[in-house]
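One structure is given below, encoded as C-alpha coordinates.
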Amino acid sequence: MKLCLVAFDGRIPMLSSIVDRFEEHVSEYLGEVKVKKKRAKLPEHAYSKVRGQYLARALLDTLRGMKGEYDRVLGLTSEDLYAPGLNFVFGQARCPGREAVVSVARLLDPDPELYLERVVKELTHELGHTFGLGHCPDRNCVMSFSSSLLEVDRKSPNFCRRCTELLQRNLKRGG
(Lines of atoms letter the chains of each structure in order from A and count residues from 1; the text may use other names and numbers.)
(Lines give C-alpha, C1' and ligand atoms only; values in the text may rest on other atoms or scores of the structure.)
Protein backbone atom coordinates (compact mmCIF):
# COMPACT_ATOMS: atom_id res chain seq x y z
CA MET A 1 0.00 0.00 0.00
CA LYS A 2 1.28 3.45 -0.91
CA LEU A 3 0.65 6.32 1.47
CA CYS A 4 1.65 9.94 1.02
CA LEU A 5 2.35 12.07 4.08
CA VAL A 6 2.08 15.77 3.22
CA ALA A 7 3.84 18.16 5.61
CA PHE A 8 1.70 21.26 5.19
CA ASP A 9 3.96 23.90 6.60
CA GLY A 10 7.36 22.26 6.68
CA ARG A 11 7.69 22.76 10.43
CA ILE A 12 6.82 19.31 11.70
CA PRO A 13 9.19 18.31 14.51
CA MET A 14 10.79 14.88 13.98
CA LEU A 15 9.07 14.34 10.61
CA SER A 16 11.43 11.56 9.47
CA SER A 17 10.98 9.71 12.76
CA ILE A 18 7.20 10.08 12.47
CA VAL A 19 7.23 8.63 8.95
CA ASP A 20 9.45 5.69 9.96
CA ARG A 21 7.43 4.86 13.08
CA PHE A 22 4.06 5.25 11.33
CA GLU A 23 5.13 3.13 8.36
CA GLU A 24 6.32 0.34 10.65
CA HIS A 25 3.21 0.52 12.84
CA VAL A 26 0.52 0.45 10.14
CA SER A 27 2.35 -2.30 8.23
CA GLU A 28 1.22 -4.61 11.05
CA TYR A 29 -2.37 -4.12 9.87
CA LEU A 30 -2.09 -3.27 6.18
CA GLY A 31 0.77 -5.46 5.00
CA GLU A 32 3.69 -3.77 3.29
CA VAL A 33 3.29 0.00 3.48
CA LYS A 34 5.48 2.62 1.85
CA VAL A 35 5.13 6.22 2.98
CA LYS A 36 6.34 9.02 0.72
CA LYS A 37 6.89 12.50 2.15
CA LYS A 38 5.77 15.63 0.33
CA ARG A 39 5.49 19.27 1.28
CA ALA A 40 2.69 21.73 0.58
CA LYS A 41 1.60 25.19 1.61
CA LEU A 42 -1.39 25.63 3.85
CA PRO A 43 -4.34 27.00 1.89
CA GLU A 44 -4.88 30.61 2.94
CA HIS A 45 -8.66 30.32 2.65
CA ALA A 46 -8.63 27.62 5.35
CA TYR A 47 -7.44 30.05 8.03
CA SER A 48 -9.96 31.64 10.39
CA LYS A 49 -8.60 34.93 11.73
CA VAL A 50 -11.33 34.96 14.37
CA ARG A 51 -10.33 31.56 15.73
CA GLY A 52 -6.61 31.60 14.90
CA GLN A 53 -7.03 28.06 13.55
CA TYR A 54 -7.31 26.23 10.25
CA LEU A 55 -10.50 24.52 9.10
CA ALA A 56 -9.59 20.82 8.88
CA ARG A 57 -12.12 20.11 6.12
CA ALA A 58 -10.45 22.69 3.84
CA LEU A 59 -7.14 20.87 4.23
CA LEU A 60 -8.87 17.61 3.26
CA ASP A 61 -10.07 19.33 0.09
CA THR A 62 -6.49 20.36 -0.70
CA LEU A 63 -5.27 16.80 -0.13
CA ARG A 64 -7.92 15.41 -2.49
CA GLY A 65 -6.06 16.99 -5.40
CA MET A 66 -2.80 15.25 -4.41
CA LYS A 67 -4.00 11.65 -4.51
CA GLY A 68 -2.20 10.61 -7.70
CA GLU A 69 -0.63 7.16 -7.36
CA TYR A 70 -1.29 6.90 -3.61
CA ASP A 71 -3.90 4.77 -1.87
CA ARG A 72 -4.23 7.35 0.90
CA VAL A 73 -2.97 10.90 1.41
CA LEU A 74 -2.47 12.14 4.97
CA GLY A 75 -1.68 15.73 5.83
CA LEU A 76 0.33 16.77 8.85
CA THR A 77 0.50 20.32 10.16
CA SER A 78 1.91 22.13 13.17
CA GLU A 79 -1.04 24.55 13.03
CA ASP A 80 -4.10 24.11 15.23
CA LEU A 81 -7.19 22.68 13.49
CA TYR A 82 -10.91 23.01 14.09
CA ALA A 83 -14.16 21.58 12.81
CA PRO A 84 -17.53 23.35 12.99
CA GLY A 85 -19.04 22.94 16.45
CA LEU A 86 -15.75 21.94 18.11
CA ASN A 87 -13.08 24.07 19.79
CA PHE A 88 -10.35 22.02 18.12
CA VAL A 89 -9.64 18.66 16.54
CA PHE A 90 -6.49 16.56 16.64
CA GLY A 91 -7.37 15.45 13.13
CA GLN A 92 -10.11 14.75 10.63
CA ALA A 93 -10.66 12.29 7.79
CA ARG A 94 -13.11 11.39 5.09
CA CYS A 95 -14.90 8.31 6.40
CA PRO A 96 -14.64 6.35 4.23
CA GLY A 97 -12.33 8.17 1.87
CA ARG A 98 -8.76 8.70 0.82
CA GLU A 99 -7.72 11.82 2.74
CA ALA A 100 -6.97 12.60 6.37
CA VAL A 101 -5.19 15.37 8.25
CA VAL A 102 -3.60 15.55 11.72
CA SER A 103 -2.31 18.54 13.67
CA VAL A 104 0.70 18.13 15.95
CA ALA A 105 0.01 21.50 17.63
CA ARG A 106 -1.58 19.97 20.73
CA LEU A 107 0.43 16.73 20.63
CA LEU A 108 3.83 18.34 21.29
CA ASP A 109 5.70 17.32 24.43
CA PRO A 110 9.24 17.82 25.76
CA ASP A 111 9.56 14.01 25.78
CA PRO A 112 10.23 13.11 22.12
CA GLU A 113 9.05 9.52 22.62
CA LEU A 114 5.68 10.64 24.00
CA TYR A 115 5.29 13.12 21.14
CA LEU A 116 6.05 10.42 18.54
CA GLU A 117 3.62 8.02 20.17
CA ARG A 118 0.84 10.63 20.16
CA VAL A 119 1.35 11.53 16.51
CA VAL A 120 1.42 7.88 15.41
CA LYS A 121 -1.79 7.22 17.37
CA GLU A 122 -3.62 10.12 15.74
CA LEU A 123 -2.34 9.29 12.25
CA THR A 124 -3.44 5.67 12.77
CA HIS A 125 -6.84 6.83 14.08
CA GLU A 126 -7.49 9.08 11.08
CA LEU A 127 -6.20 6.42 8.66
CA GLY A 128 -8.71 4.02 10.24
CA HIS A 129 -11.51 6.46 9.40
CA THR A 130 -10.44 6.46 5.73
CA PHE A 131 -11.09 2.71 5.74
CA GLY A 132 -14.62 3.26 7.07
CA LEU A 133 -13.97 2.69 10.77
CA GLY A 134 -16.04 4.83 13.12
CA HIS A 135 -15.26 5.72 16.71
CA CYS A 136 -14.91 2.70 18.97
CA PRO A 137 -16.43 2.39 22.46
CA ASP A 138 -13.31 0.50 23.65
CA ARG A 139 -11.33 3.26 25.37
CA ASN A 140 -8.07 1.39 24.76
CA CYS A 141 -8.63 1.12 20.99
CA VAL A 142 -6.83 3.62 18.76
CA MET A 143 -10.24 4.32 17.17
CA SER A 144 -11.72 5.66 20.42
CA PHE A 145 -12.60 9.36 20.25
CA SER A 146 -10.12 11.69 21.97
CA SER A 147 -11.11 15.16 23.07
CA SER A 148 -8.07 15.68 25.30
CA LEU A 149 -4.41 14.74 25.54
CA LEU A 150 -5.27 12.56 28.52
CA GLU A 151 -7.52 10.47 26.26
CA VAL A 152 -4.85 10.31 23.53
CA ASP A 153 -2.26 9.16 26.07
CA ARG A 154 -4.63 6.61 27.63
CA LYS A 155 -5.49 4.75 24.44
CA SER A 156 -3.32 2.17 22.75
CA PRO A 157 -1.75 2.79 19.33
CA ASN A 158 -3.42 -0.44 18.21
CA PHE A 159 -6.82 -1.36 16.83
CA CYS A 160 -8.94 -3.54 19.12
CA ARG A 161 -9.98 -6.98 17.88
CA ARG A 162 -13.34 -5.72 16.57
CA CYS A 163 -11.80 -2.79 14.67
CA THR A 164 -9.02 -5.02 13.30
CA GLU A 165 -11.67 -7.39 11.92
CA LEU A 166 -13.64 -4.50 10.39
CA LEU A 167 -10.46 -3.08 8.88
CA GLN A 168 -9.51 -6.43 7.34
CA ARG A 169 -13.04 -6.87 5.97
CA ASN A 170 -12.98 -3.39 4.42
CA LEU A 171 -9.52 -4.02 2.94
CA LYS A 172 -10.78 -7.21 1.27
CA ARG A 173 -13.61 -5.19 -0.28
CA GLY A 174 -11.07 -2.90 -1.86
CA GLY A 175 -10.64 -0.43 0.99
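Glycine residues also receive a Cβ, built from the backbone N, Cα and C atoms like all the rest.
As the structure is a computational prediction, the values presented were derived from the model and not from experiment.
Residues or ranges marked as Zn(2+) 1 binding site in Swiss-Prot (evidence: experimental evidence): His125, His129, His135. Non-local contacts of His125 (Zn(2+) 1 binding site) by the CB criterion (under 8 A, 6+ apart in sequence, same chain) comprise Phe90, Gly91, Val142, Met143, Ser146.
In this structure, Glu126 (active site, proton acceptor) is part of a helix by DSSP. There are 25 other CB atoms within 10 A of the CB of Glu126 (active site, proton acceptor), with all protein chains counted. Residues or ranges marked as active site, proton acceptor in Swiss-Prot: Glu126.
Taken from Swiss-Prot, the feature Zn(2+) 2 binding site covers Cys136, Cys141, Cys160, Cys163. Look at Cys141 (Zn(2+) 2 binding site): DSSP puts it in coil.
Sequence-distant contacts of His135 (Zn(2+) 1 binding site), defined by Cβ-Cβ distance under 8 angstroms and a gap of at least six in the same chain, are Met143, Ser144, Phe145.
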